[in-house]
Amino acid sequence: MADISQRKQQHLELALQNESQGRGELFSDVQLPYKALPEIGLNDVSTEVELLGKKIKQPLIIGSMTGGVEHGKLINANLATAAAECGVAMGVGSQRAALVKDEVRETYTVVRKFAPEIVVFANMGAVQLNYGRGVEDCKQIVDMVNADGLYLHVNPMQEALQPEGDTNFRLLIPKIEKLIKEIQVPVFVKEVGSGIDVDAAQKLVEIGVSGIDVAGVGGTSWTWIEGKRLKNENLTKWFADFGYRTDELIPKLAMVKQKAKLVASGGIRSPIQGLKAHLLGADYYSAAWPFLRPAMESAEHTIALIKDWEKGLRIAMFGCGMEKWY
């Protein structure tokens, strides 16, 4: 069995492979409402929105990727530098490694060194609440990165395939509810690539989560990655696309917006798809994989790509006659 840092390194290496990505283009059946006479000027368009009380320049959250591994420090430093320059939000990778190994804390804390003002989400697996972790641990990881919010990720299919997986998902709802009541930051719950179903979303909204990140099928397949780590081609093939597609989930989950924010993720590969997700009901969109390779190269490469996403969104909104996101 790999230790937690070795596992994270294997995750990074496998996630970079194109085969880890979902099959088929999401939102291909969604038509943007193009207007030949938009009745606005391009300079009138604003992509700015508010997230957790802070202004961000576009409704993009750079998705949780890494930390707890050697390359994680460089990647998170470059992502943070780019996020600060471009005024977007970001999440860090699962921080359990930093609760186990003090020496890897800097791979996460580096984010605030380069981006003291941006919106940052701390991150831990919800299932860890059944494995000895509690409110104080969550407070510790929030403080570690001076986070504005906490991502609790739910990933039963990944854990089921992971050689070291934690698979007791019983009675998590009351533990998440207790955490929400006692922690001082908003809690968002996200999947990691199989999607959050309507029943789960309704239960989470009822106990007070501030946001649902759908993280559906279509992007990086963590079931595929864990199947590869198992060296089991049957399980890799059978579960690579297990769950709900992101573009199918968003309209079904739009009902949560009465009480919580809805984030579209899982295969978002362009601001065009992000805008389509918004028109289906999402408040924000999140992407990780498109920014991983640039972040491994430099902050400058990452900045250039994020600025392209902002420019692309502005042009798409202009073409639809939209002056503002809301």
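Cβ atoms here come from the backbone N, Cα and C positions, even for glycine.
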Given that TrEMBL assigns SER64, MET65, THR66, SER94, ASN123, THR220, GLY267, ILE268, ARG269, ALA288, TRP289 to the FMN site, pick the one from LYS35, LYS190, LYS324 that the record assigns to that site as well.
LYS190
Measuring Cα to Cα, how many angstrom lie between ALA288 (FMN binding site) and GLN95 (substrate binding site)?
17
Fewest-neighbour residue among binding-site residues, criterion Cβ within 10 Å, set SER64, GLN95:
SER64
What three-state secondary structure does DSSP assign to ASN123 (FMN binding site)?
strand
Given GLN95 (substrate binding site) and ILE268 (FMN binding site), what distance in Å do their CA atoms have, once rounded to a whole number?
24
